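Step one of this worksheet: look at the structure below.
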Amino acid sequence: MNDRMQYLKILSIILISIIFYKIIDNIKVVVELMNVVLSLISPLLWAFLIAYLLNPFMKYLQSKFKFNRAISILVVYFVVIGITILSITIITPKVVSNSAEILENLPDYINNTKEFLIKKISDANLLEKYGVTQYALDNVDYFIESSKNFLDESLNIILAKLIGFTSELLKFIIGLIISVYMLIEKESILKGVKRSINAFFSISKANKIITFIKSIDTIFSGYLTGKILDSVIMGIICFIGLILIKAPYSFLIGLLFGLANLIPYFGPIIGMAIAVAITLFYSPIKAIWVLIFILILEQFHAWWIAPKILGDKVGLKPFWIIVAIVVGGESFGVIGMFFAVPVMAIIKMYYEELINKRLSLKGNI
């Protein structure tokens, strides 16, 4: 019996190795197949994501205002559909027109900015005493070209993403409809998942899997809803502030700044760089005001907004957050940077659990 089990184990390892080799050997075919599968199930993925993100708001309406399930779903989806219609009819065309206008006028903006900077540096005779003027003049071209490339690349990416999203719009709408039924039947769906886990695994393993899923839900739901709400508030405040200081393209900058804030740590820096770059080519003086305003806004965010909305949702030290963002960004781009923090929090939680378990077995704690 033991020999038979040993042979089965060896055979399993050989089969897994062959399958793994075939996957690596035909990686392009596998990737194409995965893309096809993802495209087919994308409405379901949209449905799950929408339902997952809206579930906390539905629960809030039920607990805070004592609405029943149907009324809560109706209110939440009324807001979502309103935002979707607003995005399609106003926000997207506005972003596209502003981006196209900036890209079209970029050569003129660059020349005007270059002349302005050269004149200001040349007029600052005080700098000549320290031999800085010529150095500054020599680096104007490099500074302008770097800013131009950064802005050009950022706006082109935004336009490409917006155009790409229009092709996903139908799948998003289908997902939106399916998500309503997911929220209505939430309890029965979760019950079915739990029964399936209990059916295929032993009681101890099933309990561990269910606990693991609950842990993921606790971390992800708190982080995602908090981060999205935080970014929306930052985008709106930025938009209002830019209008008050009469900055150009206030709507576009506010939107991009809010989106950039979805990325922890690096996001605000990216958002500030885009805001200053856009304003710089319109008016260098105005760019300074935009920079000052955003720096003040970020301080206000760090001291008041973030603690109120986010608190300590993931329990990670800054070092590990930065590591997670860098690894996530290198592996999966912007999406990876956004999801890296909660994923790292889950890894940390289970690693600490493992360490504590091993230490307790040794009698060290």
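Heads up, the Cβ atoms here are built off N, Cα and C, so glycines get one too.
According to TrEMBL, the transmembrane segment annotation covers 7-24, 36-58, 70-91, 158-184, 232-257, 263-281, 288-306, 318-351.
The transmembrane segment (263-281) shares more Cβ pairs under 8 Å with 232-257 than with any other stretch in the list 36-58, 232-257, 318-351.
Same-chain neighbours of the transmembrane segment (232-257): 91, 94-95, 98-99, 102, 154, 158, 271-272, 274-275, 278-279, 282-283, 286, 289-290, 293-294, 297, 301, 305, 309, counting only residues six or more beyond its ends whose CB sits under 8 Å from a CB of the stretch. Residues of the same chain lying 6 or more positions beyond the ends of the transmembrane segment (318-351) and with a Cβ under 8 Å from any Cβ of it are 212, 215-216, 219-220, 223-224, 227, 262-267.
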